[in-house]
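To start, the structure under review is shown below, and the notes come after it.
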Amino acid sequence: MLVRIPNVLTPEQVQHCREVMARTAWVDGRVTAGHQSAQVKRNLQLPEGTPEARELGDMVLAALNRNPLFVSAVLPKTIFPPLFNRYDADGEMNFGSHVDNAIRTVPGTGMRVRTDVSSTLFLSSPEEYDGGELVIEDTYGAHSVKLPAGDMIVYPGTSVHHVTKVTRGSRIASFFWTESMISDVIRRAMMFDLDMSIIRLNADHPEHPSVVSLTSLYHNLLRQWAQS
């Protein structure tokens, strides 16, 4: 299930991120890659744990917690602290086909996060760079994603995906993983579809008795399937 989440960050927040990044040193992105991913990863990354990375990560987390579409699509239990990467044309940067590690350990805590859902939050406008598409593969084929700054795509962590070579400009983004309360992707998609249907029904027929019964069904399913 791929879900586009628009306007996660405001233009002002995106601009603030870019200003902070402009005065921060970047490191080789392979520092956070697993063995398989490191062989195909060619990009730069903000160092984890720096004041700048923590400030921007906290901004993203606060925005996610205020976003009902993200909560509905992902049903977040634990969000890995957001990371930030950059792909430059002059370095012929790209990220070959790979699958994200199933488990990520939060640095300095020992906390392990199961990567049920992967997310990419775009911080560069499409007009700023050529190439750099995020290509996600599923049973229906390959989906190429290149969104406006401030918009985000979420997709199953089990997906094979890659980032094409940037041939002009720079592509800047935040990326992170979420452990969902519902680990099964099919059940999670069903819950999202049910929630969206309830919202549409309530908007069209707010007094319809099915709104209450379907809402009850949603929460009872969540009780059955959610992992504490």
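For all residues, glycine too, the Cβ spot is worked out from N, Cα and C.
So that you can see what the record holds, here are the features copied from Swiss-Prot:
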- 78-180: domain 'Fe2OG dioxygenase' (DOMAIN)
- His98, Asp100, His161: Fe cation binding site (BINDING)
- Arg171: 2-oxoglutarate binding site (BINDING)
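Following the DSSP three-state reduction, the secondary structure of Asp100 (Fe cation binding site) is coil. Confidence in the domain 'Fe2OG dioxygenase' (78-180), given as mean pLDDT, stands at 97. Sequence-distant contacts (6 or more apart, same chain, Cβ under 8 Å) of Arg171 (2-oxoglutarate binding site) comprise Arg86, Tyr87, Ser124, Glu128, Tyr129, Gly131, Gly132, Val163.
Ranked by how many other Cβ atoms sit within 10 Å of their Cβ, the binding-site residues His98, His161 place His98 at the bottom. In the structure as shown, the Cβ atom of Asp100 (Fe cation binding site) sits within 10 Å of 20 other Cβ atoms. Taking H, G and I as helix, E and B as strand and the rest as coil, DSSP gives the domain 'Fe2OG dioxygenase' (78-180) the counts 6 helix, 61 strand, 36 coil.
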